[in-house]
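Quick look at what TrEMBL lists:
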- B:34-53: transmembrane segment (TRANSMEM)
- B:65-88: transmembrane segment (TRANSMEM)
- B:108-135: transmembrane segment (TRANSMEM)
- B:142-162: transmembrane segment (TRANSMEM)
- B:201-221: transmembrane segment (TRANSMEM)
- B:242-271: transmembrane segment (TRANSMEM)
- B:283-313: transmembrane segment (TRANSMEM)
- B:345-367: transmembrane segment (TRANSMEM)
Amino acid sequence: MTGTTVEPSAPSEPLPRTRTDWLPLLLVPALALLALPLVGSGSTWATLTVAGLAMGMMIFLMASGLTLVFGLMDIINFGHGVFISLGAYASLLVLGPLAGWAQSDSVWLNLALLLFCILAAMGVTGTVGAVFERIIVRPVYGSHLKQILVTMGGLIVAEQAIHAIWGASPIPIPLPATLRGALIIGDVVMERYRLVAVGIGLVVFVGMQLLLNRTRIGLLIRAGVENPEMVEALGYRIRRLFVSVFVAGSALAGLGGVMWAFYRQTLTAGMGMEVMVLVFIVIIIGGLGSVGGCFVGSVLVALVANYVGFIEPKLALISNILVMALVLIWRPQGLFPVARR
Amino acid sequence: MSRSPAFPLSADGGRTSGSLLAGFLSSDLPRSKVLTVILLAILLALAATPFLFSGSLPLSTAAKICVFIVLVASYDLLLGYTGIVSFAHTMFFGIGGYGVAITLERFGATWISIATGLFVALFLSALLAIAIGLLSLRVRAIFFSMITLAVASAMAVLASQLSTITGGEDGLSFQLPVELRPAFRLLPEPVLGVAINGRLIAYYLLFFVALLMFLLLLRIVNSPFGRVLQAIRENEFRAEALGYRVVAYRTMASVVSALAATVAGALMALWLRYNGPDTTLSFSIMIDILLMVVIGGMGTMYGSVIGATLFLLAQSYLQVLMDAGSKTLAGIPVLPNLIHPDRWLLWLGALFVISVYAFPGGIVGRLRQAEQ
């Protein structure tokens, strides 16, 4: 652990950790406040902030699975991007038969459609994840070099398979009717879909934190991260735990993929790999294996990209890299270094 | 290095010395009869391509093979010898290409432009490689892979956005010095029925620079420096414990490999008389390089020759074969899609995965094993 201030937690804290490292958490509000005078107008600032938060949530959804898998299994899955694409394509399974729901004026029907898309995507990516773990990943536990190579190979094959199944040309997927457009409150413009994304992202984040910190499974997972042999010696099947975490990670990628696809409104097999760059930046910033760090990193990167894009558009192209470089100079292991690794 | 590592290294096996050939190959001989024959065949075919085949396609393929042998060999220095995965290799390839392209386009078609462009590109590559290495290799090697991916993609975006300098998505077309233009005649009469023109000179320039770079890389991996890299690959902690500074060696390796990739990029641009994001910078080239290294054989320079040649030939000819297969299977669902000519990467990807599991030494490793 780093030598920064470590304070005991109070019951009302948003992150139910026994010890909370406050500095990285303060980074996000500090950044938002710093940007306010630079942006100038308050309503523009609010618009940028909400949009950035939504973007951050979507990145978090896509990245959380990867960092979880790394934290528990020490597996780096370069093929994670293909689960994002696959999840997005899987939503076509629902969008085809339920096309009427997308045109409906009812918010609830539209949200239900989104929910079904997400469930379909998570089902498909979870299943494929189980197969992927068995065929591609299991033989290379313990060797990072081979993991990178083999999962890249899996990515190539799976991406080509998507081409073979759904065709190589991009497929447009329109947003459900009531989720299009923006809400305008005063001078603040907020896209509706981004608000939905913020909601889903928060639910997933809180759910993951509760699961990891307040349940027996979460306890086992955290124990497995610390000392897998000991957990196994106590009579738990660590292998089964590993596989279920990999499946959960893949399903989360599928969830992120659906959200990302509706945001882009087009499907391409390469969409997952394109966003992987951001995903890697985010999990490096957060500290490999830390879910909370991944969350903070996502929001940080998305906010910086938005503010910089507004203040100095030319710089926005490399703002992600700059944020990463600065964070790594400050904390070479990322914001929340995971113990032991 | 004042002393050699205290433990035996795998690649040390077939050390012979004395002959001139062994000297050229830094005593790192192919160590397999079949491999030797294949390598000689490739060398002779590349050397004689202008006289063996007519038309521009075989010559272009041969030139591309020469460039990619250097590119893949330099990547193998990182992946196979040092054991770190970089995704920024095309970035250095692109820097080389853009360096030459920008100076030739701006300052006229002279040899001085080429030299300036290459020199600036080499400098920039070295600087970037050091920066990336120091930022990421300090902590753990796995950071390096992700950070190179991020930096390379940022670089690709920059190249396409700074269109006033780089030509954006369209890239840059430029003129070569007079001696390398197709209209230039070195000899008035054709030799063996082939006109000795600037295009031929350009090809042989590429061929000999590539050969030289390959032998240089072979020399580097067989030097004491190369041995330390292999020691780090095998056991990082032990190498560190023996007193070698792992971070410094890894960074050095990434610099050397970046410089070689830069030269390859310059060669590519010179041959195409064009440089753009798709020819040198794109991520798909990075994946191609990975496939070539692993299928050819990681950790041996000869693997890059086999891998690059096989892959680029497959790129041209496998698709024709698959097209025929796809047509015969027409009518069956999904199956024709799987062997559609555009899906050739699917099969190479599968071959790649199988290679990593079953033949970690790739084709070269397999051939050497068969010999024993």
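Glycine is no exception: its Cβ is also placed from the backbone N, Cα and C atoms.
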**Fill in**
Spatial neighbours of the transmembrane segment (B:34-53) not adjacent in sequence (6+ beyond its ends, CB under 8 Å) are 59, 62, 65-66, 192, 194, 200, 203, 207, 302, 305-306, 309, 364, 367-368, 370-371
**Request:** For the transmembrane segment (B:108-135) and the transmembrane segment (B:201-221), decide whether they are in contact, meaning at least 3 CB pairs lie under 8 A, counting pairs 6 or more apart in sequence.
**Result:** no
**Complete:** With the greatest number of Cβ pairs under 8 Å to the transmembrane segment (B:142-162), the stretch among B:65-88, B:242-271, B:283-313 is B:65-88
**Prompt:** Hey, which bits of the same chain come close to the transmembrane segment (B:65-88), Cβ under 8 Å, at least six residues off its ends?
**Reply:** 46, 128, 132, 137, 141, 144-145, 148-149, 151-152, 155, 206-207, 209-211, 213-214, 217-218, 220-221, 226, 229-230, 232-234, 249-250, 253-254, 256-261, 263-265, 267-268, 271, 283, 286, 289-290, 292-293, 296-301, 303-305, 307-309, 311-312
